[in-house]
Amino acid sequence: PAPLFPPLQNDSWGKQYSHALFKAMSHMLCIGYGQQAPKGMTDVWLTMLSMIVGATCYAMFIGHATALIQSLDSSRRQYQEKYKQVEQYMSFHKLPGDTRQRIHEYYEHRYQGKMFDEENILGELSEPLKEEIINFNCRNLVANMPLFANADPNFVTAMLTKLRFEVFQPGDFIIREGTVGKKMYFIQHGVVSILTKGNKETKLSDGSYFGEICLLTRGRRTASVRADTYCRLYSLSVDNFNEVLEEYPMMRRAFETVAMDRLDRIGEEPSSLLPGARA
């Protein structure tokens, strides 16, 4: 039979190396023995060795390429894996369709297709870096809220480091009247309605806060609060609220002033604020 390639002794080194590389790759990357069957035992064993080495390199290449592709957007992959678990959970409990749709919409608005272990990331940083990131993330909240805009920067930083991000859907009752309050809320974006016994309805939007009355009075909620739109809020627990205001007593007076005005508007007795809570 005619040789696969014509004699290459008199050709340029580039052509010789090109044909040699083609021959080697045909052995190492093909499933089989390549372009020509081996002749003799030496060729058989060398061909088997080259096929083993080639298959190993190919497997390593596929593995590294897959890992690289996954690492390009690990946060989106983590979100997808998490949501698959949520879907399986909803299916296992046979939740109704409208509930599943609300859960799906909640995840879309809360995580926006990406999921991070933010608490762990911030916990590994130094305090100055952590405070810088939190101040940057909450810059719109600070800019839209007069309470923060005119306050001591140290108070603002102390407050922001203790806030927890939350999302509520239209129609959700964020606060129910008569319940014991353990949080107050700052509105980053969205509209809420404050509902009282007299059917009075007050709207609050970006830059407002609510729920502080209960933390000051240490009593029960004096009104209900309902989300009218998708609301992106920051919550502050009662323990963190008191901890920060112990360091900044003048800011307690600012909260009390707003609380007394709100109590007066809804027909409650402003004196329900605890005297001992005043600075």
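A Cβ is built for glycine as well, from the same backbone N, Cα and C atoms used for every other residue.
Please treat TrEMBL annotations as automatic predictions, because they have not gone through curation.
Annotation source TrEMBL lists transmembrane segment at 44-69. For 147-253, the entry in TrEMBL reads domain 'Cyclic nucleotide-binding'.
Residues of the domain 'Cyclic nucleotide-binding' (147-253) grouped by DSSP class, helix first, strand second and coil last, total 32 helix, 38 strand, 37 coil.
Averaged across the domain 'Cyclic nucleotide-binding' (147-253), pLDDT for the predicted model comes to 90.
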